[in-house]
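Take a look at the structure set out below.
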Amino acid sequence: MTRISRRSVLQAGAAFAAAGLVPTRFAIGQTAKVRVGLMLPYSGTYAALGEAITSGLKMAVNARGGKLGGREVEYILLDDESNPGKGPENASKLIAGDKVDFLVGTVHSGVAMGMAKVATDTGAMLIIPNAGVGAATGPLCAPNIFRTSFSNWQPAYPMGKVAWDRGMKNVVTISWKYGAGEEQLGGFEEGFTQLGGKIVKRIMLPFPNEEFQANLTEIASLKPDGVFAFFAGSGALKFVKDYAAAGLKSIPLMGTGFLTDGVLAGQGAAAEGVLTTLHYADALDTPENKKFRAEFKAFSGKEADVYAVQGYDSGQLLAIGMDAVKGDTAAGSRAALIAAMAAAEIRSPRGAFTLSKAHNPVQDIYLRQVKNGQEIVLGVAHKALADPAKGCKSA
Amino acid sequence: MDIWFFLIQVLNGIQYGLLLFLVASGLTLIFGIMGIINLAHGSFYMLGAYLTFWLLQSVDSLLLAIVLALPISAVVGYLIEALLVRVLYRRDHLDQVLLTYGLILIFNEAQRMLWGGDIHGVKVPAALNWSIPLTDSLSYPVYRIAISAVCAALAVGMYFVIQRTRFGMWIRAGASNRDMVAALGINVKLLFGAVFALGAVLAALSGAIAAPISSIGPGMGDTVLIICFVVVVIGGVGSIKGAFLGALLIGLADTFGKVLAPDFASFSVYAVMAVVLLLKPRGLFA
Amino acid sequence: MSRLPRSLSILLSAVIVLLAAYPFFGDVLFPNKHAFLMQKLTGIMIMAVMAMSLDLLVGVAGLVSMGHAAFFGLGGYMLAMLSPEYSAANLWVVLPAALVVVAIASAMVGYLSIRTSGIYFIMVTLAFGQMGFYFFNDSKVAGGSDGAYIMFKPAVEILGVSLLNLGDKRTLYYVGLGALVGVYLLLRLLLASPFGRVVSAIGVNENRVRGLGFDPVAYKLLAFTIGGTIAGLAGFLAAIQYGFVNPATLSWHHSGEALVMVILGGMGTLFGPAIGAFVFELAKMGFESVTEHWLLPMGMMIIGIVLLLPKGVGGLLLQLFSGRSKMEGGQ
Amino acid sequence: MNSMTSAVLDESKVVLETRQLTKSFGGLVAVNSANYRFIERQAHAIIGPNGAGKSTFVNLLTGHFPPSSGEILFKGQRITGFPAHKVSRLGVGRSYQKTNVFPVFTCFENCRLAAQAQLPTSMRFLRPAAMYKEVNERADWALELCGLTSRRDRIAGSMSYGEQRQLEIGMVLATGPEILVLDEPLAGMGKEESERMVGLLKDLARRFTLILIEHDMDAVFSIAEVLTVMVNGTVLESGSVEAIRASKAVQDAYLGDGAEAY
């Protein structure tokens, strides 16, 4: 703790010194704080994710003396309630009402779509720290829209090869029937079928239904070689438990990391052996990750997770852009800001990554497995994977 | 789907239906006797689940946690009746709807302030944490069977209480003619408080015993509430027997809807309700 | 409902004039928040239309519907489904089409629900509302649970000449204000008509109305359909404003909010629920800005209103102003 | 026309008739095989002790309850099972035992609403009800007839009980009935109010076919031409006022007890 605070004091001092060197014409801009609008879920199902992202981002900024490009930062927090109906309104409120320089958000894909739409309309700078909806770095991609997390396709696609390599021929896929579910299953199915695998059945449940028993019975009757599932949050917790209780453990269960991340403790022994792919793993054995996790724990009092990483990297991306333009957020510096952010190489706890032309991370996808109640990393399932960015005109 | 799997699906449907009955019985009881429409019923379900989760951090046994959670729920229920709901008996249903709607918001926020937004799970007790193999690939979790047994036992128990005891007589009198309860010289205040607390306990018990097979998280009461409304409407408001059959009907409709017409699984439940109402506007057993 | 006290009419007219002038002075009053507030007010005025349409059912006809948002949402979804993906829809086509569909849907739901009464009606409408929610949530029409975007606002043209640009925030503001005033006047006219008198009487004593020779079922069904259709109009406008629809707009929480607006404003007064929409939304905005646990004060406010102010703000105003006008008459 | 026996009845003058009309609730038979004939422009009173089935009978006549068996004929046309609003439209108006006016409406509005029943339909949406001349005239006529013209713009709920009872009848009149079915119009009234009401009823008896359910014997004897005594759901005796007064059976079963109560 003391070590960290001393370090941040040193950094703050450095930032202060740097501020003294910038030309005077920025003097007015500097006195005004950079306004960063955090539009995230602070209530409801995704509240914990919103908090983690917020902490991660603030930690990244604090590590730079609480400044971006030499300017103090003011955060404007807005609870998006994970309500897509209010997405565009809330985004407009931050952009037009609170006049934020950067808009950061959010978790829920539907809300993020609304934000992306408003960002396209207004040209506001948007960083998406979680929502994986493909369109944000696909048809809706724009110079001012960035994503530091993943596209839904991205973590799922490599699992297709993993399944094939493990000798599976017939797989059942199951998810909720909504955009993220369709895209994630689509990613896996693409990876699996292009190698010759067969999807026996795709089961799509109404979102957010959590009574799986009927469908587990159905899976048992289909007797596939493996099951690929996409669920998150409470649905993930319950699905894995029910899957084990229904005696299906003889059929390997696969998914993206969301199937176990954050709910592993609740799943207990039921999660044993579950294979997942994701762009991060808590157990990632790198110095960067270990350092990050320790600092995050000290900073927020909670264990870091993938959301904290994504929040942290959003903060890093902000800092890189702002440093490049020395804190100038005026329209004249916009092109330079975007160029610097697009070219950023981010030294993330997940491993360094760059951004694709559609502004989505080009990143390693790890293969993980639950063993003895712990998520362990088996290796990299796909190195430097880029989202195909279907429909994006600038990619 | 061969006959074997068909039978297992029937079992799934009945098990889900029995659990629904336990939640819905409290809702229909409160209405039958008190004429109160309680939107916050789902919140008691959530309360039961969270209390169980919370108590399990201090005690080892699920059974003990549930046993401890029930009196707490009863007290919460009784206090809400005494402090808020009591004012509403002379008001119309609209005010009841609104007040209990306000209660939902408060419950949801209180849950968040007390237990945060994380999603939790509760372990199935070791003694019941095994499955009966049914086919080579499928086994049936014993805990689910245990839940069904508890629900069925409570249903039978409730039937006897209602048919054979004085308390049951009041319930029947209340369901058919609410003014009569007062005319029978019963301490209405106490009865209503007790009934509301009982309703809360039934919902909390459902949430508690379902905790090991569900995920405990924010907003978990809302989904349960709406489906219970459907059950109660189908069965006939105030009728325990109706709630029982309605719950089984919905359990089966939901289960088979998911397998046969997954695109309209939730919708099918409401379609069943619409058909019942078309034939019997006041439910099956009003 | 009889004529409003003169002084209250003047007050309400003054509020409307203020609202009409807001886009011109808002900039001066709230230099930083003006654009946002104008959007917010547009949204509130649309919700006020929704609240008034619900008041026709709840406050006037005595039909406590917990599924009213379904029609609001359906109106919006109709716009989303009828809009071409890459070009603007023609308002003269999509608006009537949307309203007809909503009218048919509300007539069907009404036909089934009106056979029940009291607590049954509440539960049945709630369940039908959820049925609508699941219809859009579970099926693939218009994006499922993700919702759907309306990329281009409908064009308002006559012979190729654009009359209104709905993409302009100020224009949309006036459309919202126009809808608010227009629907209010329409409903007042309706309530003064023979039909409106019968519906009002049904709200007080249905059996007596039957005894006088009117079939309450027919009148209630029509009132339900009219209320549903107006809610559909509000939903249609909201979809234009936000450029987005999703199943949550149909959910029972949304119906509950509309009911709170009606009660908060004073049911059966028409102008009251419109005020209720303003108070509710502004209170929510206030709570949100003060605490992240805003649901708590919100819930308490709702309970407080039910317990302490059962006649709502509108009832309070009526009492206040009719008292005064009586005194004026006496002098 | 003062004396009535079925033998000399002019069939064409029968406006309302019940045949074997029966209503039971569960095991309880409230009205048992009632055969009635109501003659045009005659004042007919039905008396009987509480629980005799009078109110149920009224509810059957006016379509508020469907009968368990038997028939109702209006001018020879079968109207059994017609809903209340249809019966009302045919010209059978009824008042209620409990005051049943719309308390939030003015006196005039109450009557105007009732008078709207004169329109072929009230499914009229945009022209204010106040602009339908014939409806307004009918409402004012009804107010005058029931003696409430001076109370025209009072809120009904703020009027005295007696006035509300008068309004109750005014509303029935405004619907334009041929037959008035009045369920205990004098119930709960003070002496002065009663006298006024009896005067009104006498006046109405000259203009309409009147079917009166009432406990107040003095009032009944002064208004009605024909009396029916109902006990336990069945007709005990029916005839002219004089005949009923003289009937031994009626005195034993009913009038004797009733007289003591006064």
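Glycine residues also receive a Cβ, built from the backbone N, Cα and C atoms like all the rest.
If you look up TrEMBL, you'll see C:36-54, C:61-80, C:92-112, C:119-136, C:148-166, C:173-191, C:221-245, C:257-280, C:300-321 marked as transmembrane segment.
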Which range wins on Cβ pairs under 8 Å with the transmembrane segment (C:61-80): C:36-54, C:173-191, C:221-245? C:221-245
Can you tell me which parts of the same chain pack against the transmembrane segment (C:257-280), counting only residues 6+ beyond its ends and a CB-CB cutoff under 8 A? 1, 4, 12, 44-45, 47-52, 54-56, 58-60, 64, 66, 68-69, 72, 180, 184, 187-188, 191, 203, 302, 305-306, 309-318
Where, among C:36-54, C:92-112, C:119-136, C:221-245, C:300-321, do we find the most CB pairs under 8 A to the transmembrane segment (C:148-166)? C:221-245
Under an 8 Å Cβ to Cβ limit, what residues of the same chain, 6 or more beyond the ends of the transmembrane segment (C:92-112), are close to it? 67, 70-71, 74-75, 78-79, 82-83, 124-125, 128, 132, 154, 156-157, 220-221, 224-225, 227-229, 231-233, 235-236
Applying the under-8 angstroms CB criterion, which one of C:36-54, C:119-136, C:173-191 scores highest with the transmembrane segment (C:221-245)? C:36-54
If we skip the immediate neighbours and take only residues 6+ beyond the ends of the transmembrane segment (C:119-136), which ones have a Cβ under 8 Å from one of its Cβ atoms? 63-70, 73-74, 77, 105, 109, 112-113, 142, 144, 247, 250-252, 255
Six or more residues beyond either end and a Cβ under 8 Å away: which residues meet both conditions relative to the transmembrane segment (C:173-191)? 1, 16, 19-20, 22-23, 38-39, 41-43, 45-46, 48-49, 52-53, 56, 60, 164, 166, 197, 199-200, 226, 230, 233-234, 237, 240-241, 270-271, 274
